[in-house]
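Structure first, then comments.
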Amino acid sequence: MSNKSGDSKNTLYCSFCGKSQHEVRKLIAGPTVFICDECVELCMDIIREEHKTHLVKSRDGVPTPKEICKVLDDYVIGQFEAKRALSVAVHNHYKRLAHAAKSSDIEIAKSNILLIGPTGSGKTLLAQTLARILDVPFTMADATTLTEAGYVGEDVENIILKLLQSADYNVDRAQRGIVYIDEIDKISRKSDNPSITRDVSGEGVQQALLKLMEGTVASVPPQGGRKHPQQEFLQVDTTNMLFICGGAFAVWTRSFRRVARDRASASVQMCVLMTSVVLGAILQSVEPEDLLKFGLIPEFIGRLPVIAALNDLDESALIQILSKPKNALIKQYGRLFEMEGVKLTFTEDALAAIAKRAIERKTGARGLRSILESILLGTMFDLPGLEGVEEVVINRDVAENKAQPVYVYGKGKSEPAEQSA
């Protein structure tokens, strides 16, 4: 903890948050007031959000694809092709709703979306960000927990109940919401051959999701159906809901060599070297018949006409994810250290080492937090009991070999931290 001198008559305070000059990095003076760097950052965030809201509400409430993609860029690093496909699909979906409100002889069909990409590539974050910038209700479901109605597990109608709860039981808002179903590859048909055993968590779930995705009036029990059988049901129309499904389709990796050989027989290296570049190129070329071979039924594939592929995140993208987005992990931990009056600094080679560890673990962006937690655990344990520390520096040796970080004290003295017992 930094050594703070006692309050005196000369101590200055922020006029907005009340923090003293010793608790913040900078205190900017005005004619009769002071403002700290934290309040300045908060004001900038408010201005940015208002600017984004203004963009989203242009053109009668339907943002253009470029506007949607621009906002996604602030939260999601890379994945340009997927963001472009999503932006166009979402723009067309909500333009379709505005079109449906007018009298017309032409009825535009709904285009639900399938996101294909490895773990930690940003599928869930993209769906969450879309719902946030469009200001529509959002819910997320795990396909592995779903079963047909009447069997142990979660009924598909519970997805609509969660969306309704997200909309504070406003049925009209819920009917324009976004539903994200994760792990959709886990409900593939177990076998091509008929079986006397009913597939209640595979093909059965696909069949149950069909009507919801194409549009039906679902009877939703507001308190859950199994524990309160006597309650009144709410009628929710799913016709205007946008369904986004995501899956890693990990078992495809073994068959990608055969797919690559069929589609690029002249390139032997493509069949042999399963690099992230090759994998991404194959994912970009996935066709509905590939999904059929994987185990999704034709009717289900037909409800997902828009297919967007996400690539594996490389080292450069992971470094940007660590430091660039608004809620970047480095910024989050930096704020925790600021609460102790200490500045947290990561060197460039430390960020590169963290990104390499995430790639080796094959966890993508999802694994970055656990890596940072293991690196900073000892420091966060010791720091509250230390005096005079102004800065903690994490270098490559700390990130790779779990060495002790460098502590910078008030008079410019730097030394490695002592190993805690």
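Cβ atoms here come from the backbone N, Cα and C positions, even for glycine.
Sequence annotations record features per position, and here Swiss-Prot assigns Zn(2+) binding site to Cys14, Cys17, Cys36, Cys39. Feature annotation from Swiss-Prot assigns ATP binding site to Pro118, Thr119, Gly120, Ser121, Gly122, Lys123, Thr124, Leu125. Taken from Swiss-Prot, the feature domain 'ClpX-type ZB' covers 2-55.
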Any further residue of that chain within 8 Å (Cβ to the Cβ centroid of Cys14, Cys17, Cys36, Cys39) of the recorded Zn(2+) site: Ser15, Phe16, Gly18, Lys19, Val24, Leu27, Phe34, Ile35, Asp37, Glu38, Val40
Least Cβ-crowded entry, counting other Cβ within 10 Å, from the binding-site residues listed as Cys14, Cys17, Cys39, Leu125: Cys17
Whole-number mean of pLDDT values that fall within the domain 'ClpX-type ZB' (2-55): 77
Residue with minimal Cβ packing [other Cβ atoms within 10 Å] among the binding-site residues Pro118, Thr119, Ser121, Gly122: Thr119
Secondary structure at Lys123 (ATP binding site), reduced by DSSP to three states: helix
Shortest C-alpha distance to Cys14 (Zn(2+) binding site) - which of the binding-site residues Gly122, Lys123, Leu125: Leu125
Three-class DSSP secondary structure - Cys14 (Zn(2+) binding site): coil
Residue pair Pro118 (ATP binding site), Cys39 (Zn(2+) binding site) - Cα distance, angstrom, rounded: 39
Top Cα neighbour of Thr119 (ATP binding site) in the set of binding-site residues Cys17, Cys36, Cys39: Cys39
Nearest-integer angstrom distance between the alpha carbons (Cα) of Cys39 (Zn(2+) binding site) and Leu125 (ATP binding site): 27
Additional residues around ATP, ordered along the sequence, whose Cβ is within 8 Å of the centroid of Pro118, Thr119, Gly120, Ser121, Gly122, Lys123, Thr124, Leu125: Gly117, Gly246, Leu310, Gly364, Ala365, Arg366
Coarse DSSP state, helix versus strand versus coil, of Cys39 (Zn(2+) binding site): helix
Residues near Thr124 (ATP binding site) in space but at least six apart in sequence (CB under 8 A): Met140, Tyr180, Asp182, Gly246
Lys123 (ATP binding site), number of other Cβ atoms within 10 Å: 25
Local backbone state of Pro118 (ATP binding site), from DSSP in three classes: coil
